[in-house]
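**Student:** Annotation comment: TrEMBL describes 1-37, 85-181, 186-279 as domain 'SRCR'. If you look up TrEMBL, you'll see C153-C163 marked as disulfide bond. Taken from TrEMBL, the feature transmembrane segment applies to 305-325.
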Amino acid sequence: MKFNNEWKSVDDPKFGWNLRTAAAVCEELKCGSALSAKVQQSFTRRLVWKIEASSFQSGFALGHNVSMKAQYSASSLEIICTESVRLVNGSSLCSGRLEVRPQQSWSSVCKDGFDQRGAEVVCREISCGALLNTRSELHASDNTPVWRKELKCRGDESTLLDCDNLESKRENCIPVRLTCSEPDNLRLVDESRSCAGVLEMELQDEWKPVDGLAEDITSATTVCRQLHCGFAMSAKIKPRAKTFMWGITASGVESGSALREHVSARQWFSSSSMEIICSEAKILNLSTPDNNSTLNRTALPNISLVRLVYLLLALALFLFAMRFYDKATRGQKPAEQDNIELNSYHLGATRAGGPNEEASEIEL
């Protein structure tokens, strides 16, 4: 950064820089979406600008109204942005209006002439997960530049601008909005359960435990939802041997945004990690060769209950048949007006008031 007519590297003094603040830097530099933010270590100390992330927000110049002096440090902040594609005005870094920069300026992409394959290329290019949906921009500005090209993608391109494009003959252009899922970079580590355990995250091609989350259900719910594990049942901070971890500012997760957006660019050296237990309400694909039917795991207890009821009914019929057979073998012909008393069998917890006192009667 240039400050007081001097160009120097920027360092993070308080673990505050993350992917969200990196996105604001990318925006100021008129670059694309933020891909990564990390603190690089070197063997030599040099003069750098140490800037707290709280002093920089989207829409303000980096270092605006910040009084600082150069300090010696062996680390510096590294941010990587995309070159020619970005999503803007979205609720997360993986959603928003699609813009491309084929030359020097950014333009919105028209929904007509943009297909699913192109959208999948975008999600991959900005380091997000699978495509969730595409839709029209409802409040498109009349002065927003548009790119009047129709993209023809195969789906395996590295960047969107690698796709073939043709001049569009359509007069009207409605910008397209994309929503991609978060990348598959979270897991709960436990030997016996897939939806419970120590929270780990993959960043920069490394899996590490996560520290810094608040010990509450709000933070844990964000994790369970992203892992498709139902809702959060508990969240506890567990002690462990000191190691390098991914650190998260707890206050940033309260809005329900993706965890990776709040991971500190500088790794933490910590002796605690987060253990989360989700409700494990996953959808299991239990396919049969006949109809490829799919069953919900949460419905399995109901199936077992039905089987138990059938078993009890079969047992009652068996006892009834045995009693009838016993009378027949003793030469006692059942009278037409005889009443047979059946005991009541109750399944589940006993209600207040106890079982019914009146016996059921079956007239033969």
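Every residue gets a Cβ built from N, Cα and C, even glycine.
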**Student:** Who are the chain neighbours of the domain 'SRCR' (1-37) in space, where the CB to CB distance is under 8 Å and they lie at least 6 residues beyond its ends?
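**Tutor:** Sequence-remote neighbours of the domain 'SRCR' (1-37) are 46-54, 56-59, 61-63, 68, 70-71, 73, 75-87, 93, 101, 106, 126-127, 203-204, 247, 249, 252, 260-266, 268.
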**Student:** How do the residues of the domain 'SRCR' (85-181) split into helix, strand and coil according to DSSP?
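**Tutor:** Here the numbers are 13 helix, 36 strand, 48 coil.
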**Student:** With DSSP helix as H/G/I and strand as E/B, how many residues of the domain 'SRCR' (1-37) fall in helix, strand and coil?
**Tutor:** 10 helix, 10 strand, 17 coil
**Student:** Which number gives the other C-beta atoms within 10 angstroms of the C-beta of C163 (disulfide bond), all protein chains shown included?
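**Tutor:** Looking across every protein chain shown, the total is 19.
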**Student:** When you measure from the Cβ of C153 (disulfide bond), which residues in the chain that are at least 6 apart have a Cβ under 8 Å away?
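**Tutor:** Within the chain, C153 (disulfide bond) has Cβ neighbours under 8 Å at D115, R117, G118, E120, V121, L160, C163, D164.
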**Student:** On the DSSP side of things, how many residues of the domain 'SRCR' (186-279) fall into helix, strand and coil, could you say?
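**Tutor:** Split by secondary structure, the domain 'SRCR' (186-279) comes out as 18 helix, 47 strand, 29 coil.
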